[in-house]
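Shown next, in structure tokens, is the structure this report addresses.
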Amino acid sequence: MTQVETTVHYDNGYEDEYMMQEEEWDRDMLLDPAWEQQQRKTFTAWCNSHLRKAGVQIENIEEDFRNGLKLMLLLEVISGERLPKPDRGKMRFHKIANVNKALDFITSKGVKLVSIGAEEIVDGNVKMTLGMIWTIILRFAIQDISVEETSAKEGLLLWCQRKTAPYRNVNVQNFHVSWKDGLAFCALIHRHRPDLLDYSKLNKDDPLGNLNLAFDIAEKHLDIPKMLDAEDIINTPKPDERAIMTYVSCFYHAFAGAEQAETAANRICKVLGVNQENEKLMEEYERLASELLEWIRRTTPWLENRTPEKTMAEMQRKLEDFRDYRRQHKPPKVQEKCQLEINFNTLQTKLRISNRPAFMPSEGKMVSDIASAWQGLEQAEKGFEEWLLTEIRRLERVDHLAEKFRQKATNHENWASGKELILSQKDYETATLTEIRALLRKHEAFESDLAAHQDRVEQIAAIAQELNELDYHDVAAVNQRCQSICDLWDKLGTLTQKRREALERTEKLLETIDQLFLEFAKRSAPFNNWMEGAMEDLQDMFMVHTIEEVQSLIAAHEQFKATLPEADSERQAILGIHNEVQKISQSYGIRASIINPYSTITTEELLNKWEKVKKLVPQRDSALQEEMARQHAHERLRRQFAAQANLIGPWIQARMEEIGRCSLEIGGTLEDQMTQLKQIEHVIVAYKPNIDKLEGDHQLIQESLVFDNKHTNYTMEHIRVGWELLLTTIARTISEIETQILTRDAKGISQQQMNEFRSSFNHFDRKKNGAMETDDFRACLISMGYDLGEVEFARIMMLVDSNGTGIVSFQSFIDFMTRETADTDTAEQVVASFRILAADKPYILVEELRRELPPEQAEYCIMRMPPYTGHGAPPGALDYTAFSTALYGESDL
């Protein structure tokens, strides 16, 4: 590492926090004589271990550094750099100048010196001198220690823990009491040089012997001077941490060469761990995709089944089953589909980051396959709901028409009952002239009545025809009854015509007629027909869907009531004719039992029908008012639903826009964007009760068979689709931000770089749709300093647009820029790491893998690594080169 790199690392990395803690080192601790004595011995020995390279030694640490000369020499030895020329005078200001040169050099290495001045060093201040030496040790002996993404003190502690982990009675948790029994020092020596001591013979209860053994071996065989006294460590409740750290750092540097193999093993473990994790994610994706596709395969035929039911109750049960599907069965599957897409994108991102080939799911289980199957499910669902509602409307209409047919058919059959027999009589053959005239007039009245019933027969036939068109389940009985009515009607018409001809022939022989009976018959028949029509209208069923339709019926009813006074006058006039007949009969001695020969209608019948009409009028009023109240209740349901829908619809749109703005912001960090999106997600989840309440109102509307709502443009389907889209969008956006964070952290990209990437992308995204076209991407690369020829640009486009769509997404842009700016593991690096473990052999043995790698990763390699086929290899040798290239998709095992 160069000097510039060291400074940047120290100013901006992990050591800055640690050095800030060291700036406030506890001076009261140095007042403890035991700690001060340990630091004096340790720091003096450490300085001499470096000064001896220049042929110089120190005896008294606070005295020998006062003139600054040996201090400057020490810094030159440990840094390998030249300091400014020292002042050779012996005056106090010469000494201060030399010490200041040394302190300036320390400061230039990124170290902040707090409360340490040249005057205090020149005056021999023990505390300040020891603090300065500790700062030098930290900067030049401990700072550059790095183990598994930790450095300095934490890195050194992790190194000690890793090296001593297999040894009994050793548990390194700190740099003081964990070293008092001496076993930790002996374990470090034995781990790297097992030939120097027999660890199995050491006794935990002999700390003095363990410490002296470790110190003597380190001094004699490892060229590590004795910096600590065993007696001081044992007799001090808590040995000085700085003295222990200084001495342990010498072991780290002495064994630095052995760390190369461990680093190589760690790299292999990391690569294999990533590969194993990716395989688990692939298996999980295949399982989830299979389950979701199987559910869609089972559900779609049910939604595509359009077999109609015969009754409204059966169709209502189908509708309730569909609601249960919407409320209970589908929502978990929507969440599974969203999670499946998130898992797929996360897996692909991890594969890109680790330079692995892209994951290709099994045939038929691609994300696009699932989306296509889901779209088919949605289409079947929409068609099924529309069919259900249409079928319910049809059955409602059919039931209404069937009841209307039964009423009209019954009324007509009652009217037609006996008419055939009457028309077939030949009573005119023995009747008197008066009776003949009466029979003729009676027949004319019947013809009038028959003509009046023509419309009713046509209505019955029209209703039967409509029931046929609507596929009424009992249409056979309807057709049979309608045919009987039509056949009888035709027969009545024929009989009526024959009787008229016979009466007209006889009429020429008859001359007398009773004008009053004739007039009664003529007036009573239409009035009777009017009353029958009125009764039928008053009892007629009605089906309305709006208040306006009810109001129209009420208005028609009011018009009918307005005609009642005129009808009452007609009734009284007809009764007057009857009274006149009675009066004449009494005046001329006619028998009271005389019967009107021209009409079968009696005054009692007219009176009864009139009373029935007057009774039916208020009943009709009540029925219309009840229907008006029901329509008002339906209107309230419409307004209640519309009030909520008109709030929820814009709210969903506002959240969609808010998510869009948040994903495009570049002012803050990705974590800030993630926080904002999590807050939005929390707001969305908290809003779910409003959707449920709207679903409840929609259910009430459907149960009331209300099918239209003029107060809002939003339907429940719109709200459901918008809500599902909102849930999918927030989940997908959070996943994209997580992917960007993962990419940034894995590739070592700073937040500033990410913001610059986003700014550049947004600047050249002319259409602001989250993608750049080919010309925009070329302009972006040129603005970033790329010298692009056609061949080079075509190569880059193959990286960012492998499908040839002509569009570069933001994620593809980020992947390209991170590949350009970051360093990742490659197949060559993994091969080099295996070569280190194999001691430069072109093959590796099973026992070497098991010795250098953790058991799980070692067995993983043994199971998948092919045999080595080269010359000179012992049996069981494995080909690590083929295995490494296969990991990155560069070859096939």
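Placed from the backbone N, Cα and C atoms, the Cβ positions cover glycine too.
Taken from TrEMBL as is:
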COILED    271-298  coiled coil
COILED    436-470  coiled coil
DOMAIN    37-141  domain 'Calponin-homology (CH)'
DOMAIN    150-256  domain 'Calponin-homology (CH)'
DOMAIN    752-787  domain 'EF-hand'
DOMAIN    788-823  domain 'EF-hand'
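For the domain 'Calponin-homology (CH)' (37-141), the DSSP counts in helix, strand and coil order read 71 helix, 0 strand, 34 coil. Nonlocal intrachain contacts for the domain 'EF-hand' (752-787), taken as residues 6+ away from its ends with a CB within less than 8 angstroms of a stretch CB, comprise 664, 666, 669-670, 740, 744, 793, 796-797, 800-801, 806-810, 813-814, 817, 821.
With DSSP classes pooled into helix, strand and coil, the tally for the domain 'EF-hand' (752-787) is 23 helix, 3 strand, 10 coil. Residues in the domain 'EF-hand' (788-823) partition by DSSP class (helix H, G, I; strand E, B; coil) as 23 helix, 3 strand, 10 coil.
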